[in-house]
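*Asks:* This is the structure I want to talk about, given as structure tokens.
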Amino acid sequence: MPRALWTAWVWAVISVFTEGASDQASSLSCDPTGVCDGHSRSLNSIPSGLTASVKSLDLSDNEITYVGNRDLQRCVNLKTLRLGANEIHTVEEDSFFHLRNLEYLDLSYNRLSNLSSSWFRSLYVLKFLNLLGNLYKTLGETSLFSHLPNLRTLKVGNSNSFTQIHEKDFTGLTFLEELEISAQNLQLYVPKSLKSIQNISHLILHLRQPVLLLDILIDIVSSLDYLELRDTNLHTFYFSEASISEINTSVKKLTFRNVQFTDDSFVEVVKLFNYVSGILEVEFDDCTHDGVGDFTALTLNRIRYLGNVETLTIRKLHIPQFFLFYDLSSIYPLTGKVKRVTIENSKVFLVPCLLSQHLKSLEYLDLSENLMSEETLKNSACEHAWPVLQTLVLRQNRLKSLEKTGELLLTLKNLNNLDISKNNFLSMPETCQWPGKMKQLNLSSTRIHSLTQCLPQTLEILDVSNNNLDSFSLILPQLKELYISRNKLKTLPDASFLPVLSVMRISGNIINTFSKEQLDSFPQLKALEAGGNNFICSCDFLSFAQGQQALARVLVDWPDGYRCDAPSHVRGQRVQDARLSLSECHRAAVVSAVCCALFLLLLLTGVLCHRFHGLWYMKMMWAWLQAKRKPRKAPRRDLCYDAFVSYSERDSYWVENLMVQELEHFNPPFKLCLHKRDFVPGKWIIDNIIDSIEKSRKTIFVLSESFVRSEWCKYELDFSHFRLFDENNDAAILILLEPIDKKAVPQRFCKLRKIMNTRTYLEWPTDETHREAFWLNLRAAIRS
């Protein structure tokens, strides 16, 4: 018994592990190219069952704690492995040994307290390695990256426990495109630790304090192109001229991101610009200046320029003591070589005239998302301000008058590109003054409703997108590019107004269609973006859009941007894919064909009616319906005649001179109903026939060739037949006045043919000796 229990327990454990492995493997989603996604699946281990077909594996943001030697051994073709944001604390020595094709490895934000070079010894082609955010204090006891000759991007360190950088740490690395070191609590930097790297394109350095910054800078200044300093408090930074002045530097760009300055530390940074002579571009992003701009004039007098800095970018600069800030006149002389300045979202409301005049080399100025108005712009763009300025960006400021803005900028003789978008101009005056060399103007998102002659005729590029324009009727003879998207235009502009236009973006309007003729009218048009409009997919438009292969080379957002809005059955479909029926595309031809078919049908119907007595059948049907409306059987007291006599006019002599004499003068006499004598004058013939038959006990049909040719006799026969079959009585008496061949009876006399086949009839004898018997039989038939 215990043996059986032990066996059951073992099988249960195996079953649990098998089900767990199966569930984890099924939690991955893999596409045919071998890209497997296991991101955020609450996995606690690497799924089993991975094969050589897997080329990219994303297991980030899970709860994996351990990477074993066998977990990835079959993934020999794996190129990308993401294990970031897990709980990994242990990686076995040979976990990555079989991943010889691995190019991208992310182990960031786990719980690794020790790093081993054995992990990477077979990763010869690895290009990207991210080890950020783990718990290690150093980069290991041996050279961690010596087996990674092709590594181009490396990210190491953490914000708390990483405190030391040693000389061996980066041995074996010669060239890196990007190196990120997160060392907010760095306490030890061994000189020349970064010296072994011969070239670093971009170094991102997280330092909380600047104590070791200069030591690091000394090692990399000759091999670094771009230094980015993040999350650093530079209040205590001091630049030692002797440390760096004689070194041949290669740094081209310097970025300060989320860095704090004081007035004194800013002066030290400016000194750095001057001595690290290779710096061409400086960027301050989301920085804080804890000072009032009191830059000691004596200190700055020794610095003639901001080194060779040509581009200065300032974004989101915070100045807590903004209202105590100095006029910055002490730094004016340093700005003479600067060519490009961007000061964005920093509450700038004025550029002093004197500073503008000192910016003698400035070609590009961007003051976006600030507080500039016409009143302050007047002082900033004073006489001799920005003498060589070509591009001015005043996007999203507080400008309100287009006329005044243009007038204030007349001092900028070389200005050719002006961006005043996202200001609230609302309207445009009829005339304006602009600098004489204006070629580009951006008026997008300014809420203007119409365009006037205010725009300069020298424009080559105009952007008026995202406004309230419903038409474009300006003559701009030099305009090459027009951006007029997200307005209310219903059609393309007239090409005669824009003779040299080569680029037009007019998406997001209410244009229903455009034609080949319209596009051909723009002789130099090379790019048209017209998607996002409500196209009516008419036959002509679809024929043009789908039949012009060259159209795809002109329409930059073809085919996905072009959707049908009408007709309803193709709404939402791409214009390229929409199909209309033959009746929609050739309506006139279809209507003509239908009319012709109807005419032929009517003509054929007329011919058939004439040939087969169709009119006669319709009259008979009408009479039949009239008869149906009459009571089925008249009461006995309403019977006025013994018999109604139906005969042809050609047989009237026999009826009136023989039959009437024999029946009405017999004793007792029979009362006959004859149409000549008893029909009510003025009453419709059909009604007379119906009434007479219904008021007679019997109906006598005098059959002859003439009877067969008579339509009225046919009606009388039909109504009698109606009584005969619908009322189940013997009302009909047939008298064959002359021999009639049944086959000769016309088809329309179907009832006569039927009666002659089913009932007996009296035949008028040619032998006078038999006539007495004829009359006797007739009287008996009437009485029955």
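Numbers run from 1 along the shown chain.
Just so it is clear, glycine is given a Cβ too, placed from its N, Cα and C backbone atoms.
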*Asks:* Please identify the range among 275-292, 293-310, 725-742, 761-778 that Swiss-Prot labels motif 'ATG16L1-binding motif'.
*Replies:* 761-778
*Asks:* Just counting, how many other CB atoms are there within 10 A of the CB of ASN199 (N-linked glycosylation site)?
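*Replies:* A 10 Å sphere around the Cβ of ASN199 (N-linked glycosylation site) contains 15 other Cβ atoms.
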*Asks:* With DSSP assignments reduced to helix, strand and coil, which class does ASN114 (N-linked glycosylation site) get?
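*Replies:* Once the DSSP labels are grouped into three classes, ASN114 (N-linked glycosylation site) ends up as coil.
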*Asks:* Let me know how many other Cβ atoms fall within 10 Å of the Cβ of ASN442 (N-linked glycosylation site).
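*Replies:* Around ASN442 (N-linked glycosylation site), other Cβ atoms within 10 Å: 21.
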*Asks:* Could you state the CA-to-CA distance between ASN442 (N-linked glycosylation site) and ASN199 (N-linked glycosylation site) to the nearest Å?
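*Replies:* Taking the Cα atoms only, ASN442 (N-linked glycosylation site) lies 41 Å from ASN199 (N-linked glycosylation site).
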*Asks:* Between the Cα atoms of ASN199 (N-linked glycosylation site) and ASN114 (N-linked glycosylation site), find the distance and write it as a whole number of Å.
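*Replies:* With the alpha carbons as reference points, the distance is 27 Å.
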